[in-house]
Amino acid sequence: MAKVRVYELAKEFGVESKVVMAKLQELGEFVRSASSTIEAPVVRKLTDALQQGNGGKAAPRKAAPAKPGAPSPAQAARPAAPRPPAPKPAAAERPAAAERPAAAPAAPGPRPGPKPAPRPAPAAPAPAAPEFTAPPSAPAAPAAAASGPRPGARPGAPKPGGARPATPGQGQGGQVRGERTDRGDRGDRGDRQGAARPGGQAPRPGARPAGPRPGNNPFTSGGSTGMARPQAPRPGGAPRPGGAGAPGGPRPQGAGGQDRAPRPQGGPGGAPRPQGGPGGARPTPGGMPRPQAPRPGGAPGGNRPNPGMMPQRPAAGPRPGGGGPGGRGPGGGGRPGGPGGGGGRPGGGGFAGRPGGGGGGFAGRPGGPGGGGGGFAGRPGGPGGGGGGRPGFGGRPGGPGGRGGTQGAFGRPGGPARRGRKSKRQRRQEYEAMQAPSVGGVMLPRGNGQSVRLSRGASLTDFAEKIGANPASLVGVMMNLGEMVTATQSVSDETLKLLADEMNFVLEIVSPEEEDRELLESFDIEFGEDEGGEEFLVARPPVVTVMGHVDHGKTRLLDTIRKTNVVAGEAGGITQHIGAYQVTTEVNDEERKITFIDTPGHEAFTAMRARGAKSTDIAILVVAANDGVMPQTIEALNHAKAADVPIVVAVNKIDVEGADPTKVRGQLTEFGLVAEEYGGDTMFVDISAKQGLNIESLLEAVVLTADASLDLRANPEQDAQGIAIESHLDRGRGAVATVLVQRGTLRVGDTMVVGDAYGRVRAMLDDKGENVEEAGPSTPVLVLGLTNVPGAGDNFLVVDEDRTARQIAEKRAARERNANFARRGVRFSLENLDEALKAGLVQELNLIIKGDASGSVEALESSLLQLDVGEEVDIRILHRGVGAVTESDINLATGSDAIVIGFNVRAAGRAAQMAEREGVDVRYYSVIYQAIEEIEAALKGMLKPEYEEVELGTAEIREVFKSSKLGNIAGVLVRSGEVKRNTKARLIRDGKVIAESLNISGLRRFKDDVTEIREGFEGGINLGNFNDIKVDDVIATYEMREKPRS
């Protein structure tokens, strides 16, 4: 047999699809919809169930009431079925057959309402053994019981007295059970006939109903325990699922159609509830009589109450019996039923069952776990109850959920979970979560103003570890803030501070000096302190830095002191490197060594001057007597003050015409340098570096200042420490660094670390180019043997092992790399980056800088990055290095369209040929300001042109001529300037602009087409399709001209 669909079976049986679906659910077969298919065995089981439920034929639910007759063969055979004689205790727990569902016990107690009349005797004689009436709150049995016992079901305990025979014609008021007359007016059930069933006090150890096991079916149509739910009455007398006479089907009408009185509770006049086919008595396992507890207020006979008779709940008195402890229990005094819910009337409710029973019955309280929806005027069913209250009888809506839930399944208790008291930790976490800030829907930890220390170039992961947050959350926050970064990418300090402010943290960026100190402390190294006591300290020469404005004679002064000519070797006559020299002079018939450091005076070398002031003991400020105080003079003065070093002023060029040393003294007084002759403490010396005048006086002033205000001592026996003044890449010697030893003694063979470079000292040269084996404090030397070119201004120190030197250098390199990446950063927000690049609004000039010394490269890079020609163009330094231009530089420039700048270096080997072949622009410079000027011009050339409006002339309309071909033509008189053809114009009327961006398409003078009309002449102007012109209007013409970018 092929599979059939549910709706096809419903059409075949003449019932609705939902009736068939409900029957299938009661049989334990679950389908999703009316279009679902079912197997052939299920079809046969469904057919048998519907035939048994409809008196042996598959008829529609709304069939006429069947006449009393014999029960179906299956039903008639069931009471006579043999049962095992020995009752077992487990029989009360195992389902033997699906004779009946869970029932609610009845308890003694009065039932409110009119007393029912005694019922007539049943048509068929009762067996000799005493029988008991079905509990009034028992729900309809599952349809699976109609088809006989389920295979494998255990037999129940035998009942004494045998089975009750099926009594044809046994009904209520002569009507067969299975047909309901009217929804609103139910028949009187007090006239049901049958022998009085004595009630027992103890619960019957009966079998658990067969059918779907409780808890195994989360989609059952009954309560949430998995039991079949008794169907509540439907409005308008709609048939119930299962057909006429099916369990839980329509109720028969009372005698005479009168209103129901309250149902009897355990009185002798109670009749057994029919089960199965029409008129059939409910069979019991083994024919045993069911013990029944006394009903409350057990008056014999009577009508069952209806909503009209009981408009409100009784104010006092004991409640009718609630549900039994799961399944069909004895009638009790309102004791709560088990999770399975007490049986009962519509909605699974008992008669006013207490919590734990089904949903509300007659004015019932709320159903407990697994209970159904409210019934007649019932309160809401418990959570998870199926169906809810039915309309039409005042039933309140049932609990949440339409289909059954899983409460009570697998031994779990039903109903809402009880919420225990929260611990202090839970309450604290909830409180903190309430206060946690949210940025773009991302929850973040909230600080209370505590400080978070991060190094330069820190990533979001580093920040997240400090505050105990998730790095992915911080990435989401940055996306919401318009920054596209990853969790491990270095982020700028400003971005991290903004993020910290959002979460109420105070971010502290660790300075480079602090970072380096912490790094050295991790290796148990102290930098900047003299080891040993006072007995180990010896005098050292002073370190003097010569500072001042460009071209004021600093290098000439040093040449005079050293009796050399360094100026001749400097490109452009300006110093572009830091030079360190040591000279010996006689002061008061005593030889004294003085170390001089020459710093550049050009504005691009600010970092070099700061570095020179930081490593010096005394500063000589050179000021030209003819120029006076200049910008770089003030800057050098500020550097010296910041370094807290004493200053000796050398007023140079006193032999030049126009020199005025007094004027220089007066100008420097404004900056806090008061000469000794004016009552101050600053020594001023008038010199001429070119003529060699007063040089000895200057050296004497330096020595006196050092002796008077400085304690120049150091320990020469400790490991050397100092500063790298300059570094460069030599073709024959590799990386070379000029270092100034400040403490200790540097020897050949020592392992040293200079910034991110390290290595063993292979050789040392002094300022005269001679090899030396060791260098003491305040001695400048040239060091060979480093792995790479260190940065100018980096500290150096000697360590014991090569491994320690390598680890320190690698960590410094990683730190500097992160800092550079963060400094470069993301210059555009996430929202406008793509649009700006597509529209060409942002352009970048990529540069590769190579130089002869690290200080020069640093100065050039900083100067180029300070160029500001607008927001449309930006400079990006792809690479910088010391040494000649190599092939790798050309390859990098080829892939990135970069310009290579060689500062005092040339392309090496085949690099020049490759650059010419690839079309890479390589520019060579020897003077720094020339490079800056050319790059600035290139940046301005990349700018998009700016246009400005230039007015050409105005014309007044004297007459308007109409032309069928051209429209309106204005006869004008040019008042000022000139009017040209194909230029833009605007129309002005009474001082207000009427139209913009008009085009002068036609221009005539008399009958001739002309290109322009000058001031004072008349002509005709055609404005194209624009015809709204009047006399006395003014036509102003203009054009857009490119504006030079400055």
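Each Cβ is built from the backbone N, Cα and C atoms, and glycine gets one as well.
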Legend entry - Range annotated as region 'G4' - as stated in Swiss-Prot, picked from 592-595, 652-655, 996-999: 652-655
Legend entry - Where Swiss-Prot places region 'G3' among the ranges 562-565, 598-601, 766-769: 598-601
Inset, instruction - Restricting to the same chain and to sequence separations of six or more, state which residues have a Cβ under 8 Å from that of Ile654 (GTP binding site). - result: Ala625, Pro661, Asp686, Ile687, Ser688, Leu693
Legend entry - Number of helical, extended and coil residues in the region 'G4' (652-655), per DSSP: 0 helix, 1 strand, 3 coil
Inset, instruction - Could you tell me which three-state DSSP class Lys554 (GTP binding site) falls into? - result: helix
Legend entry - Fewest-neighbour residue among binding-site residues, criterion Cβ within 10 Å, set Asp551, Lys554: Asp551
Inset, instruction - State the three-class DSSP label for Gly548 (GTP binding site), counting H, G and I as helix, E and B as strand, and everything else as coil. - result: strand
Inset, instruction - For Gly548 (GTP binding site), just count the other CB atoms lying within 10 A of its CB, please. - result: 28
Legend entry - pLDDT averaged over the residues of the domain 'tr-type G' (539-711): 81
